[in-house]
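Lifted from TrEMBL, the feature list:
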DOMAIN    53-161  domain 'Cadherin'
DOMAIN    162-269  domain 'Cadherin'
DOMAIN    315-421  domain 'Cadherin'
DOMAIN    428-540  domain 'Cadherin'
TRANSMEM  548-571  transmembrane segment
Amino acid sequence: GALLVNERIDREELCGALSPCSLSFEIVVENPLELYSGTVEIQDINDNDPAFPSSQARLEISESVAAGARFPLESAQDPDVGINSLQTYQLSANPNFALDVQTRVDGSKYAELVLEKELDREEQRELNLVLTALDGGSPPRSAHVQIHIDVVDANDNAPVFNQSTYKASVRENTPSGTLVARISAYDLDDGPNGDIVYSFSSHTPAKVRELFALDSATGELRVKGQLDYEETKLYEIYLQAKDKGAVPGVAHCKVLVEVVDVNDNAPEVTVTSVYSPVPEDAAPGTVVALLSVTDLDSHDNGLVNYVNDNAPKSSQDSYDVYVLENNMPGIPILNVSATDPDLGRNAHLSYTLLQGDPTFGHLFSINRENGTLYLLTSLDHEDQMEFSMMVQVQDSGFPPLATNVSVSVFVTDLNDNAPTVLYPQPNTTATYTDVVAPGTPAGHLVTKVVAVDADAGYNAWISYTLLQATDPSLFSVGLHNGEIFTARQLREDDAPQHTLVILLKDHGEPVLSTSATVSISVAEMVKEVLTDLTDVAPANDPRRHVTFYLILAVILVSAAFFITMLSVGIFKCYKWRQSRELYNSSRSTTYRTPGPFHHIDAVRGGFTPPSFYHQVYLTTDSRQSDLLCKKPFTSSPLGSRQGTIRNGEPGLYHQIVGTASRLPTPAE
């Protein structure tokens, strides 16, 4: 059982900067069968000298730099670890500078020059210093670098970072070119002395420069190489901002980049077979093999779990459920069934109703254990005809697996709504009267009953029948459209007012119905219709007094006009008689020169219809008068019309004016 070294061991080659450096192995022991794990730790010895990147370093420092200014120096690298790694720096004696040794987060050391006494270019143009790096070995190993400092005149304003430390985090699988951080500095100088160039500080490790890139103009720090959380979890990056003056001003900052672990390493299963072949009489429980699982990721990404690899499966992806409206609340309407081929907790299923619509929680509920879907309230087809929801079936594994099943609930219609009459409007004080003229032939469309039914399909089909009428033989109703036609030609002896009661029925089960009342007036003119409407106006109509006074005013004005016209007619007749007497007295005259025309207007009197107006023109020397006979003038039932007829005979002029709404009948 002795463990021997098979070849020379180099800790720096095996582990690099990782500490402690260890090698793991496993040993299988039989009889009894056991598995042991072992670890060999490789200890470091001080076999490497510290080393600087270059043998010389050159600095340019303005004489205007104040005491206390710090200047980072290139760091030495020592591949050894622990006490054998780089421990400190030493600076040669000088009157101006001191050395400040700092420690990074990972424990490595770096040095900065600290200006204790301001420089004077007129006294000393340059300085030469020696920086020594020492490790902690016994005896210690060392390395040296020559530092040459040029004291020059530079601008008096150095760049200034808006913060001394920047923090950022980036995932280890972040692709190249991804922005990590953006540093920013400002310089109060103008021109080239104020232009800033960003760069890595001199003591930034080469490994960092391989993984990150810095834009010298914008200060954007981006990923350049492939980051690995398992190799390095935190990067401490030192950057500087330098202006473009003759003696550039420099500012320094630090960027801490945290690498975030991603699950980029699959678990590794190691199977060690220790009992093969297996005898056919092996007892139950006999160990056949040992398995070990490892994952290089960290935290939750490195946790390994067994078994739950099957999601629940439903017997169908979607369900369509049909429910009659006006249902009883609390009834089950569906059972969602699903199975899971896993075992134990991984096969235990729970059912959840996903709340896509917040109102569904008041309408539906599902049993978490068996998947039964319940309807909690009564549904109305006229309110909403369809509901769509999602049921989630989830097992109890870790992590749990789930399957979604869509459920559509359709509300079927019942005949629970009677037809509703839209025209004529029911339950109103206004009276709707349709008009038909006397003598209207059969088949004339008088009006139409308009109705709707809130139900759907066959339950919403409406039929119209004439239930009651003043004269059942006069009007008919369309069975399916509610149109009211004249069944025969209207006669003079038909009643002037007709009331029809129309029965409206749907085709549901049971049949629901309603009725509509239609009033129809038989009238030849609009005036008669308006009179009829006035007669049937409700007693409480506030406009009935206005109508009465308007009719009374028309009657009084007509009577006054008639009396005036009668007086004028009598006066004209009197004048005419005087002219006849004058004519008879002048018959004995041998000759009389004709004088100017005199006219006598015969205006309508009590014997003349109000539609006529005529003028008779006579001469004083005429032996007889020519009177043009009156001719009837065709009237317009609603308006007034004026016509003019001129006689062909000289000296005669005849004019007829129609002013009434209609002409009197022969009987009148």
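Cβ atoms are placed via backbone N, Cα and C, with glycine included.
The structure displayed is predicted, hence computed values, not measured ones.
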Note to self: What does the DSSP secondary structure composition of the domain 'Cadherin' (53-161) look like, as residue counts for helix, strand and coil?
What the structure shows: 3 helix, 54 strand, 52 coil
Margin query: If you average per-residue pLDDT over the domain 'Cadherin' (162-269), what number do you get?
Written below: 91
Item checked: DSSP helix/strand/coil residue counts for the domain 'Cadherin' (162-269) -> 10 helix, 48 strand, 50 coil
Check: Using DSSP, what's the helix, strand and coil tally for the domain 'Cadherin' (315-421)?
Finding: 8 helix, 50 strand, 49 coil
Next item on the list: Using DSSP, break the domain 'Cadherin' (428-540) down into helix, strand and coil residues and give each count.
Entry: 14 helix, 46 strand, 53 coil
